[in-house]
């Protein structure tokens, strides 16, 4: 029994030493590539970059209207991930612009205490609440997986504000800012729903479509809202009468069961 315990302890110790060696080498490599010590934050950003790149490439299998929202979302994620990963290569003003929002959302106001404490020089990676805590990237990754699952079941229209609300609650953002962020997230998804791709309100795997604002019954209100948003946004100049009907008509219309040749609006 003692021999077995000794072997188990030896294997466990060697595994820990091997893991520490790997993390140390990765951290050293991070100092060369990112000009700062590699942390779990960099691992999470790299995961975002890979996932967003795959999402951008995979959207080519969708129709032009349905691919717009995921491509814009993935493109924004790619750009922001690259900016955060390469922030130490950016000029001063742009570097501060990239790093400051995380403090504004997640940090407490302790400017008075900061005056009493000695200042110390920190790297750009220290803008997060705790870059060495693996819980931060783990929870964020879990919320992203939940967002993906909600997208497959209820669609992006309602999955987006749910994801933003959960992340704001976990990050400890005050209620007023959280409500503002949730509102912005929902309005952004709603604009895409009204103007570009009504398919984002449908669960991709389940086909379930929760009731959407302004579209209950598909009356004149929904059509007017759609036309107004289309004109104001300057998007959808080539949108046909049939595509407008799809966004505010019956589920059969939205599924594309109405006969129609590509690029030709059927006669009323």
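Placed from the backbone N, Cα and C atoms, the Cβ positions cover glycine too.
TrEMBL annotations: computationally assigned, not manually curated.
Summarising the annotation, TrEMBL assigns transmembrane segment to 42-60 (among others).
Annotation comment: TrEMBL describes 46-195 as domain 'DUF1468'.
Sequence-distant contacts of the transmembrane segment (145-169) (same chain, at least 6 residues past either end, Cβ-Cβ under 8 Å): 69, 105, 177-178, 181-186, 188-190, 192-193, 200-206, 208-210, 212. If you look up TrEMBL, you'll see 145-169 (among others) marked as transmembrane segment.
Per TrEMBL, transmembrane segment is recorded for 181-205 (among others).
Positions annotated as region 'Disordered' by TrEMBL: 238-268.
Annotated compositional bias 'Basic and acidic residues' per TrEMBL: 252-268, in sequence order.
If one looks beyond the transmembrane segment (42-60) by at least 6 residues along the same chain, the residues whose Cβ comes under 8 Å of a Cβ in the stretch are 30, 34, 67, 70-71, 73-75, 77-78, 81-82, 84-85, 125, 136-137, 140-141, 144.
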